[in-house]
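Taken from Swiss-Prot, the feature compositional bias 'Polar residues' covers 1-13. Annotation source Swiss-Prot lists topological domain 'Cytoplasmic' at 1-126, 189-205, 266-276, citing sequence analysis. As annotated by Swiss-Prot, region 'Disordered' applies to 1-76. Residues or ranges marked as compositional bias 'Basic and acidic residues' by Swiss-Prot: 43-72. What Swiss-Prot records for 127-147, 168-188, 206-226, 245-265 is transmembrane segment. Taken from Swiss-Prot, the feature topological domain 'Extracellular' covers 148-167, 227-244, and the record attributes it to sequence analysis.
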Amino acid sequence: MPSMSPSSISTEKSPPPSDTSMAIVAFDNSTTHLSSSPSPPHSLDHSSDSEKEDEKRRPESRRNKNPVKIEETPSPIVVVHNHNRSVKEVVPTRKTARVGSGRSSGQRSGAVLAILRRSRREEIVKFVALGFRLSEVVLALISFSIMAADKTKGWSGDSFDRYKEYRFCLSVNVVAFIYASFQACDLAYHLVKEKHLISHHLRPLFEFIIDQVLAYLLMCASTAAVTRVDDWVSNWGKDDFTEMASASIAMSFLTFLAFAFSSLISGYNLFNQDSL
């Protein structure tokens, strides 16, 4: 085994300083790309010079690159911020639109239900009014028919036409019968054709006034006839004449009740003319 001097051993074991410089040059790739042509390896002095030049260039390149980064980095943030902002603005509008549509649909459904309830109530009122009109027709017909037939024969015979109270009761019931018959026909025609026989803007007021007047007249006529019957019975006692007069007066009083309810319905129609 040949002997080796200490100088040679030290030179072999000590790493060349150019390795570190080579590592540094190899690490910096940006400088190599910036150069127009690749430079061949040089000596240690030239490599150290190149390192110094690279170190000088690095701050300049960083200074040049930093403004670009500062200018570019806010742009994505602004875009993202604007995008997020627009999304946040759009979402509430959609929610509000949905809520508004729900409210509007709820209001429409509530309005439809109110209209249906009102139309149903109007139909019920019309049928009730027709029922009272038919009752008035029947009761008034029975009342004046009995009163017109209240006559007795013989030497002690008597007749209703001799007493003004009975004549008054018969006349009022005849008028009530004619008026109630016309109103019953008009209501029946309105339920079928949805229009009146005589259409006028004063018709509800006319019905209300006539119902009130006839109800008052029927009450007065029935009261006057009852007074005459009571006077007859107290003087002469009961007989067929007084019994028929009493039956006619009872029907006249029931006719008054029917007209009283009809006057309430006509008052309702007067203050709700839009439904007519």
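From the backbone N, Cα and C atoms, a Cβ is placed for every residue, glycine too.
Fair warning: this is a prediction, and the values are worked out from it, not measured in the lab.
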TODO: Run through the topological domain 'Extracellular' (227-244) and tell me, per DSSP, how many residues are helix, strand and coil.
DONE: 15 helix, 0 strand, 3 coil
Task: Beyond the flanks of the topological domain 'Cytoplasmic' (189-205) by at least 6 residues, Cβ under 8 Å - done: 126-127, 130, 266, 269-270, 273, 276
Task: Helix, strand and coil totals (DSSP H, G, I; E, B; other) for the topological domain 'Cytoplasmic' (189-205) - done: 8 helix, 0 strand, 9 coil
TODO: Count up the helix, strand and coil residues in the topological domain 'Extracellular' (148-167) according to DSSP, in that order.
DONE: 8 helix, 2 strand, 10 coil
Open item on the list: Given a Cβ distance threshold of under 8 angstroms, which distant residues of the chain, six or more beyond its ends, lie next to the topological domain 'Extracellular' (148-167)?
Closed with: 221, 224-225, 227-228, 239-241, 244-245, 248
Task: Sequence-remote partners of the topological domain 'Extracellular' (227-244) [C-beta within less than 8 Å, at least six residues beyond its ends] - done: 146-147, 149-152, 158, 163, 165-166
